[in-house]
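*Asks:* Got a structure for you, written out below as structure tokens; questions coming shortly.
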Amino acid sequence: MSRIAVGRPVIASKTTFDALVVDSGEETDEEEVVVVSSAESSAPVEQKPSKSAIRKAQKLARAWKRQQQKALLKEQRTQASVLENLTSSEASLKHDSAVESGREVFDSAAEADTNSIEYKVSSPAFLPPPAQELSQADTTGEPAQLPSSVEESVPPVSLTAQKHVSEEDLPAQKQPIEDQRPVEPPVSLPLHETASSQDAEKVKKRQSFITRTLWTFIMIGGFICLLLLGHAYMILLVMLCQTLVYREVTALFSLKSTKPESYDAEAMRGKDPWSKTLNWYFFAVTNYFLYGESIIYYFKHVVFADAQLLPFATNHRMISFILYTIGFMGFVMSLKKGYLKQQFGLFCWVHMSLLLIVVSSHFIVNNILEGLIWFWVPASLVICNDVFAYIWGITLGRTPLIKLSPKKTVEGFVGAFWSTIIFGVFWGTYFMRFNYMICPVHDLGVSAFSSTQCMPNPVFVWKDWEIWSPVAAFLSTLFGRTIRTIPYAPYQYHLLLLSFFASLVAPFGGFFASGFKRAFNIKDFGHSIPGHGGMTDRMDCQFLMGVFTYVYYSSLIREHRVTVGGVLQTIVSGLTLDQQLELIADLKRYLGTQGIKVP
């Protein structure tokens, strides 16, 4: 390590800060130390800088800092004007030139201030560290440390010098200019590019609206056609919808994308056996059980009169339980080490999907079998509420209704409520006139073009409501004819309650689906219907409405009558063969006394 004698006077031609600029552990070419000859050693030399020199250096440092701040402000103004007046490409080029000019201003100001300062130093404390020490500092990755007196008195010369010194070694006000520069504002697009993007967005919205409207009419038209064809086609439509919904919901969960729970997890060979096999097996078993119950209940006169179908009808529940147990055993055998938590989660998820989707669809099918009006009118009320909520929302909507659906507004919700009530009363009153709509199903081959006769439910029978005498006299005088009663049907009261539910409660099925989609960060459940997303997006409110209609009808409206099917079921399942023969003989004897000949 080189040393300099203390007794010899030394003058540093560069500042101590400038001497610290080192690249790759080597000294720079600009670093020079001039050693004065011994002949001049007799000249008087200051052993240390005086207080006035230190104050002068500090004053120069403050002046340099002010110049730096002014240059920075000037640079910011230049950037703002460039970004406002030029295109993105031209703004980028002129921004770079402005940055370079700003750096030159900094360098020239710092160099001018530095050249005016010259220190005569004889103490080692004011000399740059030896070359070996600097190279060692760079080799070890640690920045060289500056003496505190030099840091306070000497400003940095250029931005390049500042970059070679760490933040810990310099004061806060001497950080690199790049770090102090504020974030640049986003570059505005040119007018022609902005206009083209807006036009493209308008075209996209227009195409989406056309597609959505077209498929809306296609769905309504197809729905009406199937309604006219008969009960069987409507049941097939409901089963198709529930299958698509079940596929879209269960597709959100899969073991393919899950990570094993432990390092010793078994490898998942090929496709996931759960999501592709067992979940559809449970779907089929659940449909077999539920729709089998419906067939046995509504078609007793057919099922119990056929000797081949009788074993399936009498043992239907036991068969269903055995099938479910087989699926349960298959699930246990499919468990794999490292995926147990995910598989049990899928097991619970599939059963919840079956409860919410398949069971709800089963109730909707029961509504169809009780009479098409109990399916057609509630479904129409939900559609009407959605349409009027959209119309009132875009017309008067200002107040958000719920955070799960930002587009829903209070004005649209209230407007749809009153519109649905008015629509429901007139819509249901019109369709209650047709026997095809109000008669329970007796034959699946019946269509709208067939002659259907049945004893209507009392709620569809018109009645007269007697008006209070003063009001009747006023109405008679007003209309010029006698008005004593007002005709009505009890079904109209039920229409009001159904409309209330369709407007106030059924929309929460849609809110539930919206929250569900947000939980999985998806926009739609699928792409089954162009312009409308998946089938789940259209059936979310219908499931809730269908379940309510079935519970409401079976609790308050259905009449429990003795039917041929019910009597036949009691005879077949409750009497022995000898008792059945005895019953037939007694029945023939009874009919004979009534004058009816039985062959």
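Note that Cβ sites are derived from N, Cα and C of the backbone, with glycine treated the same way.
Pulled the feature table from TrEMBL, pasting it below:
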- 147-158: compositional bias 'Low complexity' (COMPBIAS)
- 122-202: region 'Disordered' (REGION)
- 214-240: transmembrane segment (TRANSMEM)
- 278-298: transmembrane segment (TRANSMEM)
- 318-335: transmembrane segment (TRANSMEM)
- 344-365: transmembrane segment (TRANSMEM)
- 371-392: transmembrane segment (TRANSMEM)
- 413-432: transmembrane segment (TRANSMEM)
- 495-516: transmembrane segment (TRANSMEM)
*Asks:* Can at least 3 Cβ pairs under 8 A be found between the transmembrane segment (214-240) and the transmembrane segment (318-335), with each pair 6 or more apart in sequence?
*Replies:* no
*Asks:* Should anything in the same chain at least six residues away from the transmembrane segment (318-335) have a Cβ under 8 Å from its Cβ atoms, list it; otherwise answer none.
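*Replies:* Same-chain contacts beyond the flanks: 273-274, 278, 281-282, 285, 288-289, 292, 312, 343, 347.
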*Asks:* So, taking each listed stretch (278-298, 344-365, 413-432) in turn and counting its Cβ pairs to the transmembrane segment (495-516) that are under 8 angstroms, which one gives the highest count?
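*Replies:* Most contacts with the transmembrane segment (495-516): 413-432.
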*Asks:* So what's near the transmembrane segment (413-432) in sequence-distant terms, Cβ-Cβ under 8 Å and 6+ beyond its ends?
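*Replies:* Here the qualifying positions are 373, 376-377, 380-381, 384-386, 388-389, 391-393, 396, 401, 438, 460, 489, 491-492, 495-496, 498-500, 502-504, 507.
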*Asks:* For the transmembrane segment (371-392), could you work out the same-chain residues 6 or more beyond its ends whose Cβ comes under 8 Å from its Cβ atoms?
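*Replies:* Distant contacts of the transmembrane segment (371-392): 227, 231, 234, 364, 408-409, 411-417, 419-420, 423-424, 427-428, 431-432, 436-441, 457, 495, 498-499, 502-503, 506-507, 541-542, 545-546, 548-550, 553.
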